[in-house]
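What TrEMBL says about this protein:
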type: DOMAIN; residues: 75-265; note: domain 'Cation efflux protein transmembrane'
type: DOMAIN; residues: 286-346; note: domain 'Cation efflux protein cytoplasmic'
type: TRANSMEM; residues: 70-91; note: transmembrane segment
type: TRANSMEM; residues: 97-118; note: transmembrane segment
type: TRANSMEM; residues: 139-158; note: transmembrane segment
type: TRANSMEM; residues: 178-198; note: transmembrane segment
type: TRANSMEM; residues: 244-262; note: transmembrane segment
Amino acid sequence: MRSLLLRSRLVGENDLRRRPSGKGGRKAEKNVKRFYEEQNEHIERLLKPIHAHGQDDDNDRQDNAFKVKIAVYGSFAANCILAILQIYAAVSSLSLSLFATAADSVFDPFANLALLYLHRKSTRVDDRKWPTGGSRFENVGNCVYAFLMGTVSCILVVESIRDLATHTSGDTNKLHVPSLVAVGVAFFVKLCLFFYCFALRRFSSQIQVLWEDHRNDLGINGLGILTSALGSKIVWWIDPAGAMVISAIIITSWSITAARNFRELAGYGAPPDFLQLVTYAAWKFHDKIEKIDAVKAYHTGPTYTVEVDVVFDRDTPLWQSHDVSEALQNQLESLPNVDRAFVHCDYETDHSPEHMARRKVV
């Protein structure tokens, strides 16, 4: 019966066409329609049984497991070959822009290996050494890798500044076509990997990271080709200036990645739509649950830890409240992106919040 209250809020297709948009014309009408379509999708997610979310996610992962392996190992093999190509391009042309692209490409295979190792390690941890699991290993690896990439990029910025300050040769650099062709091949391969990983990124956190890496490499390689060629055809300083821009892009990109991973390590809260899903799922899980006192969901690495406080009638037997709470906990842990769930039982809601942090002011 509880689900009927929410189901009545679904807006049918005929009602969508008749919804008034007020002022703003066709654009406002499209925005209103999009709002109700997204609301319908959200309601459908809430109405879906908890186990169905996990089952759908497992089915998607199993159906795409082979494609994910191709993306992971294909990206590693491609990055190894492209690193050699781009080192050749940088050394043979002595272009600082191409050195910047090569520095990024050289670290890619090592990043792939580290990502693969940490992903496997996180699923096979010793519970005695790591009681909360290994879900944070990938975040730590990404933060370390971001620091290394930032350091290398800073070195390239210094070299570019030195070249700008001490350059004494002609107005243009020597154009080395094979180097540009090598980086062009890298650009094309990265473009193919970008589109392949784009279609699979929601099935694996590994693929999400690889997709972001391929996306960044597209911009870096494209800019490297452009500034190296312009430095050879127009004026020499475009090449070191391009190297500085590429290095700045790498630093910015990995700083954003590091900030996101630090935020997940620090326990950043889940988005409102996920909290609503957990709240509604807990509320309609069992008739013995009278109220939902509190719901928390926060990152412990890329996944969430969920805490739910449920309220039973004070006369509910202990065994029954335990069994219902344990069943709810198991169901919540079957949700996609949920690592652990904790369900706390109570019989009233007038008490002070549990685990209140006490801060001493010095």
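Numbers run from 1 along the shown chain.
The backbone N, Cα and C atoms fix where each Cβ goes, glycine too.
When the stretches 70-91, 178-198, 244-262 are ranked by Cβ pairs under 8 Å to the transmembrane segment (139-158), first place goes to 244-262. Across the domain 'Cation efflux protein cytoplasmic' (286-346), mean pLDDT in this model comes to 91. Residues of the same chain lying 6 or more positions beyond the ends of the transmembrane segment (97-118) and with a Cβ under 8 Å from any Cβ of it are 72, 75-76, 79-80, 82-83, 86-87, 89-90, 137-138, 140-141, 145, 148-149, 152-153, 156, 159, 179, 183, 186, 206, 209-210, 213, 216-217, 220-221, 223-224, 227-228, 231, 239-240, 242-243, 246-247, 250.
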